[in-house]
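Student: Here it is, the structure, as structure tokens.
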Amino acid sequence: MNKGWLILFQLLPLFVPLQAIANVWSEMKTPYPVTNDQPDGEVPFVTKIGSLAIGSYANGCLAGADTLPLEGKGYQVIRTSRNRYYGHPELISFVQEFAKQLNQSEGDDLLIGDISMPRGGNFVSGHASHQIGLDVDIWFRQAAKLQTLEQRESPEELSLVDTNSFEVNDNWQALHGKMIRLAAENPQVARVFVNPAIKQKLCEQAQGDIDSSHHWLSKVRPWWGHKIHMHVRLSCPDGDKLCQNQNPPKSGTGCGDLSWWKQQILQLKKSAQTSKDKKKEPKPVKVKPKQCAQLLQ
């Protein structure tokens, strides 16, 4: 860590919100090392599992992160200059296995976007979550061959949503539905975030599929954006006592909740100018778990 940052941080009491100072999390270029032979009490939150997701998805940090190799069977990491390809070991294993499964049936490579920074924590831009190494963005566009570093740094986007309506567009393929379902059916997965129009498409398809159970649809959650990728979130790993799970989604498919989203999406453009004129109220500052302070030293 830069000595200037270290001195500044040591002067702050542990209860000071870490977001209140400059985003030091992006200054952390390597994972926080966790070993089993550290003296008791030196790092009180370390356990035998060697890696810890600390706090909540949108307010936490990550100790002992694994690095996702930039290339692997069935996947390629994009935008590598962001240094956001670190995750909890269970998330890294999930990505690798998920990519292999799809590659065996489809042949092309997944494009893996943001996971977390080396020690988790707040992003300067782009995400509120992805802070504890259990979130990953998987793009809907795939690659038929290995992309150059330049291509992966500025990847071509593939939006599946018609922005003028509450519908998917002509880019939608059966493969995309398969990707989402395969992720949602994994018992490790807590949620899969997609654009509301994509969730609606999945609900429409499920109505005609009488031979299948649709419990997985409850995990597919509609959310703003998410036109070019799905956001997969794992549940807290067993043994990570400092990791805070979300409440599970309500039972059922969730398809009946889409009317609200449709109204919001279609009204969004009409109210865009009004929203620009309004002053945004400052968001309340979150206080990170005190264990996160150790990771900045």
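Backbone N, Cα and C atoms are what each Cβ position is placed from, and that goes for glycine too.
Features from TrEMBL:
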COMPBIAS  275-284  compositional bias 'Basic and acidic residues'
DISULFID  Cys61-Cys292  disulfide bond
DISULFID  Cys203-Cys255  disulfide bond
DISULFID  Cys236-Cys243  disulfide bond
REGION    270-297  region 'Disordered'
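Give me the lay of the land around each of these features.
Tutor: Cys292 (disulfide bond): 27 other CB atoms within 10 A of its CB, across all protein chains.
The secondary structure of Cys203 (disulfide bond), as reduced to three states from DSSP, is helical. A simple way to gauge crowding: the CB of Cys203 (disulfide bond) has 17 other CB atoms within 10 angstroms, across all the protein chains here.
Annotation note: Cys243 (disulfide bond) sits in a strand segment as assigned by DSSP. All chains included, 23 other C-beta atoms sit within 10 angstroms of the C-beta of Cys243 (disulfide bond).
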Student: Round to the nearest Å and give the CA-to-CA distance linking Cys203 (disulfide bond) with Cys236 (disulfide bond).
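Tutor: Computed Cα spacing between Cys203 (disulfide bond) and Cys236 (disulfide bond) is 27 Å.
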Student: Can you tell which of the disulfide-bonded residues Cys61, Cys255, Cys292 lies nearest to Cys236 (disulfide bond) in space, using Cα positions?
Tutor: Cys61
Student: Which whole-number value in Å describes the distance between the Cα atoms of Cys292 (disulfide bond) and Cys255 (disulfide bond)?
Tutor: 38
Student: Provide the number of Cβ atoms within 10 Å of the Cβ of Cys236 (disulfide bond), excluding the reference atom itself.
Tutor: 20
